[in-house]
């Protein structure tokens, strides 16, 4: 019976009776994600593309390992003994002071309001970077056309979650089992957006079998534009909320950010063939006419003017339990 190898970067099935000392090619280190770059601590190679990261060939040879790594130990939460209500009451005389009535908040507009494209401000650094890329791509265009149809032996499939490599013409007839969604890392959990099997262990995440069947994608030309995750964060001042998306060399003519008072839809094309999508149901209300987007060579900043000067508890409006159930049913 074939067993699954849990060595990092392998994920292959093997026969335990034919497990030689050099049968497995794997990474002894750990995955490193820093400033949008992804790689392994044991290797020097870094990439911004998650599929390229998954296809980085291991740097060490050894025996296959069928032992599943233990789940990270969760901290034990200790609770104190319950105290009587009388013990929790303050020992001094209470004086209740009635606070003044708060200023009436702005009524939340309907999310069905028409969407408006936010103004795009393009920095000089981005213009210079795009001009350089156009010159270099023009010089290499002929060479790319010659090499585009050639698939080298050992080329990894570009579909997410597929660890197969090209071994010849027979590989063109194989069925590819892959993940059609994008990888999501949130609050220590790792999963694919298409099947939502969550795990806290990165090795287990890499070994998750795909949920979709189709054909292998051996070249980026066949893959077309690929939806990829981007590192992003947000901050706020008294009157503005700013979202920063760390995508290099974004293309203004193909990118779009649209919004209404409570919704934000982000679509960014960057580095020629990568796409980033994000739909945000905003916690507060914004003034669309006074909001704009600044595009630089290294990131995109979405500046939204608050409709009222108040502190937002978070960027996104929390979903209700009813909405979560409806979303799970839809998935």
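Positions of Cβ are set from backbone N, Cα and C atoms, glycine also.
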According to Swiss-Prot, 27, 42, 43 bind Zn(2+) 2; so which of 10, 59 is the extra one listed there? 59
Which of these, 179, 232, does Swiss-Prot say binds Zn(2+) 4 at the same site as 194, 195, 211? 179
Can you check which residues sit near residue 2 (N-acetylalanine), meaning Cβ under 8 Å from its Cβ, same chain, 6 or more apart in sequence, and list them in order? 13, 14, 15
What count of other C-beta atoms do you get within 10 angstroms of the C-beta of residue 47 (phosphothreonine), across all chains shown? 15
Taking DSSP helix as H, G and I and strand as E and B, the region 'Interaction with PPP5C' (2-77) has 8 helix, 20 strand, 48 coil
